[in-house]
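For reference, Swiss-Prot has these:
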SITE      Pro91  site 'Important for tRNA non-discrimination'
BINDING   Glu176, Arg220, Ser364, Arg368  L-aspartate binding site
REGION    198-201  region 'Aspartate'
BINDING   Arg220, Ala221, Glu222, Arg228, His229, Leu230, Glu361, Gly409, Ala410, Asp411, Arg412  ATP binding site
BINDING   Glu361  Mg(2+) 3 binding site
BINDING   Glu361, Ser364  Mg(2+) 2 binding site
Amino acid sequence: MYIIADWRRTHYSEQVIPEMDGQEVILMGWVHSIRALGKLAFIILRDREGLIQMVVPKQKVDEETFELAKKLGKEDVITIRGKVVANEKAPKGFEVIPMEIRILNKADAPLPLDPSEKVPAEIDTRLDRRFLDIRRPKIQAIFKIRSEMLKSIRKTFSEEGFIEVNTPKLVASATEGGTELFPISYFEKEAFLGQSPQLYKQMMMAGGFDKVFEIAQIFRAEEHNTRRHLNEAISIDTEMSFVNEKDAMAMLEKVVHNCYTDIEYNRPSEIETLELNFEIPEKTFPKVTYSEAVDVAVSKGVEIEWGEDLSRAAEKAIGDEMGGLYFITEWPTQTRPFYTLPDENDNKICKAFDLMYKELEISSGAQRIHKYDSLVQNIAKRGMNPDSFETYLEAFRYGMPPHAGWGLGADRFTMILTNQENIRECVLFPRDRQRLTP
């Protein structure tokens, strides 16, 4: 007992099939459920890939194995060496009869949370015991799809010639001149947790990298307490040289479309576990201008003036009209960050876009200002001091190419892919205004 010794897993649960009749296997995992019925015991073993049934008939196993099986408790960690026996009446067309069972660790009882999903629990209770919560097949399915999404994105960027980079998360000032920053003590100075890699991405365009991406944490000291906001999030950021905002949107369409196709192909069992109506979007998404979006909101009774950022009610009205994935383009310049390039024919609007899914914004991007003088003027016009951006601005004095890019929220994108209503379902250990543990 409690010793793995020389045993090593030969198969995960989903790899065992009826055609393996008579074959010996070694399985490892947790006791999902146990039933002892006289001279027969049924054990459902759960591992990362699913559930598998083991039958322990007293007349076919030695007495020690049978008695050990009866003493197992829920969530005990075990390994078994047994034989696959084809059986048409069994759930998957086969059973495994253990020849030997080893208990690697016992679980305390009662459990503070039921991983079998038979006893429902509120999300805060589940997050407090996240290590148990993520044993649930549906929760594991969410994070397997998330993993597949990130894998797909890296694959697409690699195929398109992007370089993966890592930018600092300890910064001296705000990226966008805002106040949504977490201050920290940095030796004799004050520093902040990075809210965006934006300025660093642009500096790399001056360095001649042409196309870069980063997948990393961002931190925002927003006091929102909603189902779609977190204070620590994963952002998928990219920047490209010698392109405009339309090229950036096309790249975003390709990244998102490829995610859907890769998930459908590689994660069918997780799609089934979550009972998703998984539809692959078209390769290009519908586009509406900000002005058109405002008209839609007003037509549905939402009070909004041109030039205002979209309210929650406006987003809901527009999302109900559009449905699915779509872009909102040609935003009012005053609503976007200082580095966003105004339209050459009408400086009241700029070359910015948001990618929406129904009422949820999942990505924001734009073509950037690449001329030094224009950027300095725009910073000053916004009431900020250009001296605060000295190292950033210097990159624009020595040959900055035209460039554009975007940031895609990995957590919100996971919400869409897995049809979750709360972003906390899509983050292993979420950080919001109230939650700093576990």
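Cβ coordinates come from backbone N, Cα and C, glycine included.
The model shown is predicted, which means the values in this text are computed figures rather than measured ones.
Structural mapping of features recorded in Swiss-Prot.
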residue : record                                       : contacts (Cβ under 8 Å, 6+ apart)
Pro91   : site 'Important for tRNA non-discrimination' : Gln53
Arg220  : L-aspartate binding site                     : Glu180, Gln195, Asn231, Ala233
Glu222  : ATP binding site                             : Glu180, His229, Asn231
Glu361  : ATP binding site                             : Glu315, Asp354, Leu355, Arg412
Ser364  : L-aspartate binding site                     : Ala352, Phe353, Asp354, Leu355, Trp406, Gly407
Arg368  : L-aspartate binding site                     : Gln202, Tyr339, Thr340, Leu341, His403, Ala404, Gly405
Ala410  : ATP binding site                             : Arg146, Met149, Leu150, Ile215, Ala233, Ile234, Ser235, Ile236
**Study point:** For the region 'Aspartate' (198-201), distant same-chain residues with Cβ under 8 A (at least six beyond the ends)
**Key:** 165, 167-168, 175-176, 212, 214, 237-239, 337, 339, 389, 392, 405, 407
Check your understanding: Which value does the mean pLDDT take for the region 'Aspartate' (198-201) in this predicted structure?
Key -> 97
Point to revise | The one of His229, Arg412 whose CB sees the fewest other CB atoms within 10 Å, among these binding-site residues | key: His229
Practice item. Translate the DSSP assignment of Arg220 (L-aspartate binding site) into the three-state scheme. Key: coil
Review point. What are the DSSP helix, strand and coil residue counts for the region 'Aspartate' (198-201)?
Key: 4 helix, 0 strand, 0 coil
